[in-house]
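Some features that Swiss-Prot has for this protein:
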type     : residues       : note
MOD_RES  : LYS33          : N6-(pyridoxal phosphate)lysine
ACT_SITE : LYS33          : active site, proton acceptor
BINDING  : ARG129, MET301 : substrate binding site
ACT_SITE : TYR253         : active site, proton acceptor
Amino acid sequence: MRPAQASIDLEALRHNYRLAKRLGGSKALAVVKADAYGHGAVRCAQALEPEADGFAVACIEEALELRQAGIRAPILLLEGFFEHDELRLIAEHDLWTVAATPQQVRALAEFQSPRPLRVWLKLDSGMHRLGLSPEDFRAAWLRLRGLPQIASLVLMTHLARADELDCSRTDEQAVAFALTAGGMRAETSLRNSPGLLGWPALRNDWSRPGLMLYGANPFPQDTENTAQLRPVMTLRSRIISVRELPAGEPVGYGARFVAERPTRVGVVAMGYADGYPQFAPNGTPVLVDGQVCPLAGRVSMDMLTVDLTDHPQADIGTPVQLWGDAPQVGALAAQCNVSAYQLLCGLKRVPRVYMGEAAAKEGVTR
């Protein structure tokens, strides 16, 4: 068996969810869209369901996967629905939906639902992606709030730059949301992961932690709050070949690395097809049996190479850690000029191994 694998620590996932609840002082929907950011949506939801207030996914297909796996907790569709026919499935499977466009609001107003629906009305407070204008938001509130097919409304918006702690845009969005939603008696949802970790003055009834659940820091620097996160995924492999090269010999495609001295090179079963960043620069830290070794040469589809010259004990079969507690995925992403979101969601081929499942089956552990 190829040695590449991702270890998923479900107890760390539960720890991070509890941290989100504690920081938010509110209910929290665990965001498990995109296959739980590459961690496995079903397994993560099963681990969290005993204590989670609910889950959030991007679309109905992701929600139905959870329902079919036996998840009975509330599930919110963050993008709402795309076709009128989906409303029947939303009602049938007891899902919650976002309404972020006038078309979605109109469809909800006209839908004869067999059961009242819980709708999250989304304001565009400055993200300018999904969301209603302030005028349409107020009109939607007035149109939907008294309808028999609407069980309740939650008012929400999405923060665009909360991962920039010195940016005023987050406060501006919070003010815009408060001004527009003022006088509307309903629960609210504002804070995402960076909003929870970096903006303690923000308040809402429902938070939506995503990236932080998986132990990744959304900021370029550590803070008191991010230091409490526990990495959920550890990406591991092993050395599958070792060779000795004289000074002046190149390694890999494009000869991006050239040995400046007699060099011992280790080949690791991990490449960009596995989700490791293709353009990670020379010197990117790779943990070889607990010792940092520098990446040496361009990452290939299935393999990468590291300089083992200063680690003579390393040999074929030696374990390698690509990210986890060290190096952390956020730091690796910054070094490679990508985002932690992209790295985590990009793991398609690597098999996942889950730890901490016994605690999930036996109930909540504190």
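Each residue, glycine too, has its Cβ placed from N, Cα and C.
These figures come from a predicted structure and were not determined experimentally.
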MET301 (substrate binding site) and TYR253 (active site, proton acceptor), Cα-Cα, nearest whole angstrom: 11
If you count the C-beta atoms lying within 10 Å of each candidate's C-beta, which of the recorded positions LYS33, ARG129 ends up with the smallest number? ARG129
Cα-Cα, whole number of Å: the residue listed as 'N6-(pyridoxal phosphate)lysine' versus MET301 (substrate binding site)? 26
List, in sequence order, the same-chain residues at least six positions removed whose CB sits under 8 Å from that of MET301 (substrate binding site)? GLY271, TYR272, ALA273
